[in-house]
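The structure appears right after this line, and notes come after that.
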Amino acid sequence: MALADHLPHSRVARARILHVWLALALILVSLFSLTVGATNVTLGPALWKITTGEALTRMEAIVLWDIRMPRLILGLLVGAALAVGGAVMQGLFRNPLADPGLVGVSAGAGLGAISAIVLAGLAPLWLSRIAGDQLVPIAAFLGGWASTILLYRVSTRRGRTSVATMLLAGIALGALAGALSGILVYLSDDRQLRDLTFWGLGSLGGASWAKVVAAGPIIALALIAACTLGRGLNGLALGEATAAHIGLHVQRVKGLAILTVAAATGAAVAVSGGIGFIGIVVPHLLRLCSGPDHRPLLINAALLGALLLVLADVIARVIIAPAELPIGIVTAVLGAPVFLWILLRQRGMVDL
Amino acid sequence: MDRRAFIALSLALAATHPTRALAASDAQDVIALGGDVTEIIYALDQQHRLLARDATSTFPPQAQALPDVGYMRRLSAEGVLSFAPSLILSAEGAGPPEVIDLLRAASVDYVEVPEGYDATAISAKIEAVGAALDVTDKAKVLAEQTATALEMALARAKQTTGPRKRVMFILSTQGGRVMASGTDTGADGIIGMAGGTNAISQFEGYKPLSDEAASAAAPDVILMMDRSGDHASTDDELFSLPALQATPAAQNRAVVRMDGLFLLGFGPRTAGAVTALNRALYPPEPWHWPITCRTAASHGRGYSMSGWRWP
């Protein structure tokens, strides 16, 4: 019944084996991320102290529990969200070029987040009291949602998505969101301005438990929803008419996919700023390894995205310690050459 | 009093204030964030207690030998904590806020030194730093010295005859756009102190000016931060900007460049900055533009209040 049953067996097997390897690597990298940093606090002695009932020093407790732990969790969530957002979007548009960052969805989410930051003082008190810490992720989600829907409406006619229109519309939407953000940046004061500049480069440096609580549920829901999309996206790959003929509820799949991308991208952008290349590179790499079946692909994307972002974050905070590099710079420096390499390898194999 | 009695008395005095003596001399456990804060710590002769500083702390030059924890608005919580400081002395506006919350929580004394762009603000800064380092008396003396020097500099600046020069502070000319300082900035404060008028009073903070607004502001003098050694070509570039071509400043090629921290630091050297800027704005005839003021690099235990020289 399922599409994967008709694919070569080796690919399916490879995708399943990949789950295990990625999960193992993810655990190792996570432990590594808890162990390295500018201070000489390490995980081993702290764990030893906990098991022997000895009290941690205040420094160990703060570094491990309040600095590295929320940072690791946010890194895992954001990396998974970005990669899954990219994979779902590429499935939805049936195009490997689709990426929330490339087609303006991140810019829309960024506009939402910036509005919440700059205009928070103007919001009525009851609103900020209800929303509180959730205000920025919610605003980012709404911004990402609005731009995803606009993008889809503009580029799809009678169930057919025009790739050229999508890219152009994405550029236009991105520019518009950028311009509106520019107006808000202009309105912001000197201090907010410098904050926003760094925010645009992306960083997990401001990670806190409050942010985990604010963005975590949204990203977790988006990831769970994405895992149910595998079969639907496989169907969509055949074209919408065929997908409907094999009994797929096309509109429901598309709606859920848009919601997923918006939530994942929106929340990720709100917490960490602009982090590029994860969303486009990760699904590409995985398709090269284990084929186009979306069901293992989405899970692997979440694992590999989380893995790469946590790794990039370790590099960002260790390489120039005691100072810290914006993580967007690291992912771009590592991601852009990899992306070019993939394109060169694929030339002639994939018709863009 | 003979020598032995004097030593006995000193020991007795030291014994009554053991904690103070210890705090003021021994503990090496302070991180300074902000160029002005670092300057004040050196002026109070407490630099031996510094573990590290931020990227904006570039004066005195010795400070640059200390480890750098990065730009003060983008600190890394773990990076700062890796020095295990017991006191963080920070200028206002260090960030990001989440990192500052963590530093405050991490059993570290975190003291924020209030920002401000006038004479009272400078005294307040020095006294805040002195109180945090437990050298209140020294800080009081330095604050008074600084206030007196500043009063004298302000009085000298007031004696300036003739119409007040309209000064436009330009932060950058990136892409041909003039980023100028409005009100409520350090630049606005120092221009006023030095006897000039800020040519831009329509907005607060630093914002890009339209070419027409820059022309309409009609500055007599352009004030900029001195970033590099060679200015010959940049002056040409500056005055060939459409925004500035029609201004009196361009006709006289009137530009003053001063070290950013010296000009905008609002610390112990501000009296010198006021005098330097005042002389640069109202030069004794005859004079040739452009003018670049450099801060004296020499610095030891004796603190130079007016560390500048003429080109």
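Positions of Cβ are set from backbone N, Cα and C atoms, glycine also.
TrEMBL annotations:
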TRANSMEM  A:20-48  transmembrane segment
TRANSMEM  A:68-89  transmembrane segment
TRANSMEM  A:101-123  transmembrane segment
TRANSMEM  A:135-154  transmembrane segment
TRANSMEM  A:166-187  transmembrane segment
TRANSMEM  A:207-226  transmembrane segment
TRANSMEM  A:256-285  transmembrane segment
TRANSMEM  A:297-319  transmembrane segment
TRANSMEM  A:325-344  transmembrane segment
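The stretch from A:20-48, A:68-89, A:166-187 that makes the most Cβ contacts under 8 Å with the transmembrane segment (A:207-226) is A:68-89. Between the transmembrane segment (A:297-319) and the stretches A:20-48, A:135-154, A:166-187, A:325-344, it is A:20-48 that has the most C-beta pairs under 8 angstroms.
Most Cβ pairs under 8 A with the transmembrane segment (A:256-285) among the ranges A:20-48, A:166-187, A:325-344 are made by A:325-344. Pairs of Cβ atoms less than 8 Å apart link the transmembrane segment (A:166-187) most often to A:101-123, out of A:20-48, A:68-89, A:101-123, A:135-154, A:325-344. Within the chain carrying the transmembrane segment (A:101-123), a Cβ under 8 angstroms from the stretch's Cβ atoms is held by residues 85, 89, 135-144, 146-148, 151, 166-167, 169-178, 180-181, 184-185, 187-188, 192, 195-196, 200, 261-262, 265-266, 269-270, 273-274, 276-277, 279-280, all 6 or more beyond its ends.
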